[in-house]
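For reference, TrEMBL has these:
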REGION    1-43  region 'Disordered'
TRANSMEM  66-86  transmembrane segment
TRANSMEM  98-131  transmembrane segment
TRANSMEM  143-164  transmembrane segment
TRANSMEM  184-204  transmembrane segment
TRANSMEM  216-234  transmembrane segment
TRANSMEM  240-262  transmembrane segment
TRANSMEM  285-309  transmembrane segment
TRANSMEM  329-353  transmembrane segment
TRANSMEM  365-388  transmembrane segment
TRANSMEM  408-429  transmembrane segment
TRANSMEM  441-461  transmembrane segment
TRANSMEM  467-486  transmembrane segment
Amino acid sequence: MCKDNDNIDNGNDDDNNKNYSNDSLKANELDENINDNNNKNINKEVDDFNQTEGVSTILGDPKKAILKLSGPMIVAMLITSLYNLIDGVWVAGLGQNALAAIGFITPIFMVVIGFSNGLGAGATAVISRFIGEGDRDKANNAAMHIILLTIIFTIIIMVSLGLFLRPILEMLGAGVTVGLGLAYGNIVFGGSIFIVFTAAAYGILRAEGNVKKTTYAMSLGAILNIILDPIFIYTLGYGIAGAGIATVLSMAISSFIILYWFKKDTYIKLSLNLFNFSKDILKKILAVGLPAGAEFLIMAILAGSLNMILVSVSGSDAVAIYSSGWRVIMIAIVPVISVSISVVAIVGASFGARRYENFSIIQNYSIKIGTIISIITAVSTFILAPYIALLFTYSPETAMLNGPITDFLRVMALFYLFVPMGSTAASIFQGVGKGLDSFMLTAIRELLLVVVFAYILAIPLGMGQYGVWWGIVIGNIIGSLIALFWSKIYIKKVVAIKGGENEAL
């Protein structure tokens, strides 16, 4: 009997010991979880304390963020676009062949700029999401992956265009302007490291909401180019090659200043010590960067296709008219594009912070601002078209182009009104990492709609170069409406699914 009692007592002791051990384990696990959460909160508080003004902006009220980021971007991009216009004005003084040569280089240059801006878009989307998550280490690491891709892309550009620039120009129908195109293109593409780096760096700065430094760098590069253009083209007598030298030199100076900033006082830091190769980060960057770059490739294919249609119906003068007028269009839509560029970082930060309800606010507000700006721009361009055309027709060799350039600008006034819908939709998809959707929208609009309408109106319907212009307008209107509906469907879906997940959390 005693033995039985002893066994019972021992059994109870064992059970008590087991229960005590289990309780201890649970207590330890609870302590560890509390410590982990405390550490995360402490890290978050430290990171919040170290936030720059730009980071606080993109994580704050989306409407205020759009206004705050867009303003400086509009200034910077207007100055840059003004440089592109003035560059064309200076080259126009060399004659219509030089102007046409720039027009044939433009599609190739757009590919380089496009994939460079694609890297920038990938940087903005991925880094802003990491900032939204509160993970600064990953944000820095992503920035270093961007630099790695910059070096790789530069090598590809220099080798490929060094070998194939002439046959590409001949394929585009440059004809007698091939020599002038090579004189300009070899210099610009030879300095492509500065083109690629500045575009990628702007994307990194935008990701942290640092639009002031982006504005300073872009403005400095453009102003330097405006100053250096006449010096190298006319004073030093380099002609069209001088325009290329001015471009490379101004971008080189901007690049060194940006590198200094990254070493000194930005939220994102560039250092080999911060680099830890990650396939996941690389995939996320390329998921946005490659489609975004391919969008510009589509734009280059579009420009080349339109050039070939224009040459077939009206000769090389039609290319000069289109390329000159398009420079003005690029300036006119800068404010709208600036708003859209700002949207990428704000959407990315909202996505990282799981504030999916912000998406509709961001979309509606950016389209509203963009449409107001577009109406003002369209009316102004229509009225001032004859005077704007004089910028490209001041020399005796180009005087006969005044009337057609005026007509082109007036036809394009309708095009402005639908740009906000399409550009905002593309930025939303880039911000959430769905670069392929943005690419598909661009492909449908430019290759399927614009090229088809331009060809049908210009050749079968016999409208000549005017048919090409109206094809651009009609294709963009339909394409922008498709983009608007596509993005709204996506936003409703992501809010329903992701919002539900957040409530469950």
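Cβ from N, Cα, C; glycine included.
With a cut-off of 8 Å between Cβ atoms, the residues of this chain six or more beyond the transmembrane segment (66-86) that come close are 57-58, 206, 209, 211-212, 214-219, 221-223, 225-226, 229, 327-328, 330-331, 334-335, 337-339, 341-343, 345-346, 362, 365-366, 369, 391.
Here the transmembrane segment (329-353) lies next to the transmembrane segment (408-429) in space: the count of CB pairs under 8 Å, restricted to residues six or more apart, reaches at least 3.
The transmembrane segment (285-309) shares the most Cβ pairs under 8 Å with 467-486, out of the stretches 216-234, 240-262, 365-388, 467-486. Long-range contacts of the transmembrane segment (216-234) within its own chain (CB-CB distance under 8 A, at least 6 residues past either end) are made by residues 75-77, 79-80, 82-83, 86-87, 90-91, 93-94, 198, 201-202, 205, 240-243, 245-247, 249-251, 253-254, 257-258.
Contact between the transmembrane segment (408-429) and the transmembrane segment (98-131) is absent: fewer than three CB pairs lie under 8 Å, with pairs separated by 6 or more positions in sequence. Among the stretches 98-131, 240-262, 441-461, the one making the largest number of Cβ pairs under 8 Å with the transmembrane segment (143-164) is 98-131.
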